[in-house]
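The next block holds one structure in the form of structure tokens; read it before the comments.
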Amino acid sequence: MKKQNNGLIKNPFLWLLFIFFLVTGFQYFYSGNNSGGSQQINYTELVQEITDGNVKELTYQPNGSVIEVSGVYKNPKTSKEETGIQFFTPSVTKVEKFTSTILPADTTVSELQKLATDHKAEVTVKHESSSGIWINLLVSIVPFGILFFFLFSMMGNMGGGNGRNPMSFGRSKAKAANKEDIKVRFSDVAGAEEEKQELVEVVEFLKDPKRFTKLGARIPAGVLLEGPPGTGKTLLAKAVAGEAGVPFFSISGSDFVEMFVGVGASRVRSLFEDAKKAAPAIIFIDEIDAVGRQRGVGLGGGNDEREQTLNQLLIEMDGFEGNEGIIVIAATNRSDVLDPALLRPGRFDRKVLVGRPDVKGREAILKVHAKNKPLAEDVDLKLVAQQTPGFVGADLENVLNEAALVAARRNKSIIDASDIDEAEDRVIAGPSKKDKTVSQKERELVAYHEAGHTIVGLVLSNARVVHKVTIVPRGRAGGYMIALPKEDQMLLSKEDMKEQLAGLMGGRVAEEIIFNVQTTGASNDFEQATQMARAMVTEYGMSEKLGPVQYEGNHAMLGAQSPQKSISEQTAYEIDEEVRSLLNEARNKAAEIIQSNRETHKLIAEALLKYETLDSTQIKALYETGKMPEAVEEESHALSYDEVKSKMNDEK
């Protein structure tokens, strides 16, 4: 109940409504007290009433250049004028008093006094008083003062918590953490051993700067952490602060930019001022590309708010006196869009690429995230790491979290191998849709489609191994085949990429050979194949006709002018022809493989229709012997990790 009242009080509309009634009521009651039973008349009416002898008393008071006149009628008058708020019909009232204002051009005080005396009216003269002036002034100013007071109070509440007032828009929004509050250490960051080695110097400088400065060394003013999302860039920055034992100021790049001009630059100055007071300290700017994009290409023109903020950031990082002991660590996914002035030596002069972890790194990451999870004995994290190539730390954490959720839904007390297997499928392809009604014809189409991918992958197995195939719908896919690399690869050869292209074409080719139809199930296959083939031609120089030339590099930024065409129409045509040639070659290769292995292709498709999901051991048995393993034929069940381990050993 208390929270509801606070919400009502802080509602701006209710405040404005309250202030309106307050001011209106104040003015109404003030005017009502001063004018009850009285009417305002002009100078002509005043002279007429005095001449008619209907004025009993007359009081006038000089008020600057005008004369304020009031009086009492001998014979009260009746009036139907509204003197206040009327809710129904106006009432008839008796008017005994009157007021009037006489200008210097109307008459003089002596003439008015003589006229009133001649007609037997009692005249009273009041000297000009300053109190009346002050009362009128207060009546005019007090309501507006109250209005502005409440408006500023509301702006203070809406200006953000933490005691901010409406004048504090320019204060830094960074979250400050004292060294005692930072519990993250290098041991908590797994799978980034090389990256940690690059940051050791930063930690050592913050701990003992004299050891470097006496040799004339200059520690990097800024460290740029670049890498895909989820690789642990923020965690690395916290670990540096934790190991060095220094305060940590964290802020997002988007927090600098506001609709008010100059706010971003002011926040940058405020951030560095706070860091200087706490030096030595670390400033961490997450997603710095939000504020550090190249100047002159923004949507707001050449002198927009973002550019002013960037200019101030450049100035603060440029080695001004007093910045010693402050190291700026920034994280981004797109260093290619950052302003060159931000990346020059003296600012972000050290760049650390935080890449995807290898199999050992993935295993170490899994061990870190499995500390608070009860795992069964059949769970082998090394095997999970082998099955998740390309996964980053966030993906691996998500796998274990999904496994815990799956185990909870199944009312288990520990997480076993089947839970992790299901979690991997959910992360890769989405939740299964077992209740989705699929016609028998469509099931056959999907089975032969996935069997086409599988048979091509089995034949072309130089770099990748078929790990799993299923026709259980997940996400938007009717089925899928997973092929894992035999080992972590940083480089792909032209032949490896051609094999992948042929594997992607296997599904559509199988549809055409078996059913003589073309379905929409191959749309994602074509998308991946086209992207890969175009990259081979335009980025990797793998076209014999076009040669080792890169035609497409960094993509244009949002807000930048359209990039000038660096290739001719003829070259663009030749690029399209080369891409088409690669895809047709892959298609023909897939067709040749499926035609040569029609019986095996049919066996895999029929097994998929019966069991829905096949693992690597079952697929290998069908390919080599034409039969399913006997243990699996007896009963369909979720594979244990012991079975998966034996399959992985067989694949090797």
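Start at 1 and count along the chain as shown; that gives each residue its number.
Positions of Cβ are set from backbone N, Cα and C atoms, glycine also.
Long-range C-beta contacts of P229 (ATP binding site), restricted to its own chain and to partners at least six residues apart, with a cutoff below 8 Å, comprise N333, V392, A394. Annotation source Swiss-Prot lists ATP binding site at G227, P228, P229, G230, T231, G232, K233, T234.
Sequence annotations record features per position, and here Swiss-Prot assigns Zn(2+) binding site to H449, H453, D525. Contacts of H449 (Zn(2+) binding site) defined by a Cβ separation under 8 A and a same-chain sequence distance of 6+ are given as G478, G479, G507, R508, A510, E511, T519, G521, A522, in order along the sequence.
Under the heading region 'Disordered', Swiss-Prot lists 628-652.
As annotated by Swiss-Prot, compositional bias 'Basic and acidic residues' applies to 634-652.
The binding-site residues listed here are K233, H453; among them, H453 has the most other Cβ atoms within 10 Å of its own Cβ.
Counted over every protein chain shown, other Cβ atoms within 10 Å are most numerous around T231 among the binding-site residues T231, T234. Most Cβ neighbours within 10 Å, among the binding-site residues G227, P228, G230, G232: G232 holds that distinction in the structure as shown. Closest to D525 (Zn(2+) binding site) by Cα-Cα distance, out of the binding-site residues P228, G230, G232, T234, is P228.
On the backbone, the CA of T231 (ATP binding site) and the CA of H453 (Zn(2+) binding site) stand 31 Å apart. One way to see the shell of the Zn(2+) site is to take the Cβ centroid of H449, H453, D525; the remaining same-chain residues with a Cβ within 8 Å of it are E450, G452, M481, L504, M505, G506, G507, R508, A510, G521, A522.
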